[in-house]
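Q: First, the structure itself, so that you have it in front of you.
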Amino acid sequence: MFGTATRPSATRALLLGSGELGKEVAIELQRFGIEVIAADRYPNAPAMQVAHKAHVLDMLDGNALRALVTLVKPDLIIPEIEAIATDTLAQLEQEGVKVVPNARATQLTMNREGIRRLAAEELGLPTSPYRFAQSKEEFIAAVEAIGLPCVVKPVMSSSGKGQSVLRDLAKLDESWTYAQEGGRAGRGKVIVEGFVPFEYEITLLTVRAVDGIHFCDPIGHRQEDGDYRESWQPQAMSTLALARSKEVAAKVVGALGGYGLFGVELFIRGDEVWFSEVSPRPHDTGMVTLISQDLSEFALHVRAILGLPIGTITQYGPSASAVVLRDGHSQDIRYQGIGAALALVSGAQLRLFGKPEIAGRRRLGVALARGQQCEEAVEKAKAVAARVEVIC
């Protein structure tokens, strides 16, 4: 049973993290009349602009997080970012507050150490070789053990921040410093991964719901500077590789438990599959589903966490997303050329996230398009994104 938003009967959802992905989740929640309370570390975040209420706090502060939960009395807490006081979430869950998919999944996936140890050491899934390092000395030893080239990442970061490929020992200090600066919680532990000779990466959106486990078609994507620039669906792959990918994804989400959508990241080479990472929430590369499917990743996540059946997911054919990424400094961003951008491609769509400021490089929107093939859809989406003029 759902109540009516803002009324005594309201079913309340507290979003912890209010970026562009949280914004789409908030919109989907409101389609079911759910009252949405959006929280983040800065005011006027994208999801706050469409929520019923908004709160600003440091979500790594357990006392502040507990105080907010006491104030808003949510029926469910929906973590949308990694930088959250997960120990407090676990305590709240033990006290009867519903965390989706569950507090353990949030704890394990908020840092790469927890999920890598689950996947490789408990589930026995194929992964790249890895070592963790807390100090500069441990980092040097880890690089020596793994060998070059290797991938260096903070154990806690998002959108590629702090990630680098280390190919030359002369760049060792630079790689360590970059990882320390890119961590969501500041300086801390890093993971050093052996370089997997993969042909491509996919995101396999996997939904665990009341009516079982469901898979979206695989999503391919291109990364640059550790962040996604374009994604497309479906990614072409062999029947065996897809079957193995689904097997890996099902094992991971089954071990994490709870209902929701999970973004499972995998490396593929021929028929071989390696597990990379998983997020227990919508994935940035999955924004392509806003145009590629009848139920976007956000709609699927909301259905699952509300205990509703998924049924059949219908895919519309080759589709793509391309980010609107700009550099600048402004607290009053303006956009022009929207009409010209949309006129370029019949059926194209555009989402501007409404981010309140820019300081350096920031993802401000996403263009969406379909085509006869994925390559065509990507070029269309890139053309639309490039035509948007950002005035800082």
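Cβ from N, Cα, C; glycine included.
Marked as N(1)-(5-phospho-beta-D-ribosyl)glycinamide binding site by Swiss-Prot: E20, L21, E80, D284, K355, R362, R363. Summarising the annotation, Swiss-Prot assigns ATP binding site to R112, K153, S158, S159, G160, K161, G162, Q163, E193, G194, F195, V196, E201. Summarising the annotation, Swiss-Prot assigns Mg(2+) binding site to E265, E277 and lists sequence analysis as the type of evidence. Residues or ranges marked as domain 'ATP-grasp' in Swiss-Prot (evidence: sequence analysis): 117-306.
Let's see these features in context: how buried, what's close, how far.
A: In the three-state DSSP scheme, R363 (N(1)-(5-phospho-beta-D-ribosyl)glycinamide binding site) falls into the strand class.
In this structure, G162 (ATP binding site) belongs to neither helix nor strand by DSSP; it is coil.
Annotation for E265 (Mg(2+) binding site): spatial neighbours E201, I202, T203, L204, F275, S276, E277, V278, H283, criterion Cβ-Cβ under 8 Å with sequence separation of six or more.
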Q: Quick check for the class: what is the C-alpha distance, in angstrom and rounded, between K355 (N(1)-(5-phospho-beta-D-ribosyl)glycinamide binding site) and F195 (ATP binding site)?
A: 35
Q: Which secondary structure state does DSSP assign to D284 (N(1)-(5-phospho-beta-D-ribosyl)glycinamide binding site), in the simple three-class scheme?
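A: The residue in question, D284 (N(1)-(5-phospho-beta-D-ribosyl)glycinamide binding site), is helix (DSSP, three-state).
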Q: According to DSSP, folded down to helix, strand and coil, what is E277 (Mg(2+) binding site)?
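A: Assignment for E277 (Mg(2+) binding site) reads strand.
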Q: For E20 (N(1)-(5-phospho-beta-D-ribosyl)glycinamide binding site), list the number of other Cβ atoms lying within 10 Å of its Cβ atom.
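A: Result for E20 (N(1)-(5-phospho-beta-D-ribosyl)glycinamide binding site): 24 neighbouring Cβ atoms inside 10 Å.
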Q: Any idea what the Cα distance is from G162 (ATP binding site) over to R362 (N(1)-(5-phospho-beta-D-ribosyl)glycinamide binding site), rounded to a whole Å?
A: 15
Q: Could you tell me the C-alpha distance between F195 (ATP binding site) and D284 (N(1)-(5-phospho-beta-D-ribosyl)glycinamide binding site) in angstrom, no decimals?
A: 23
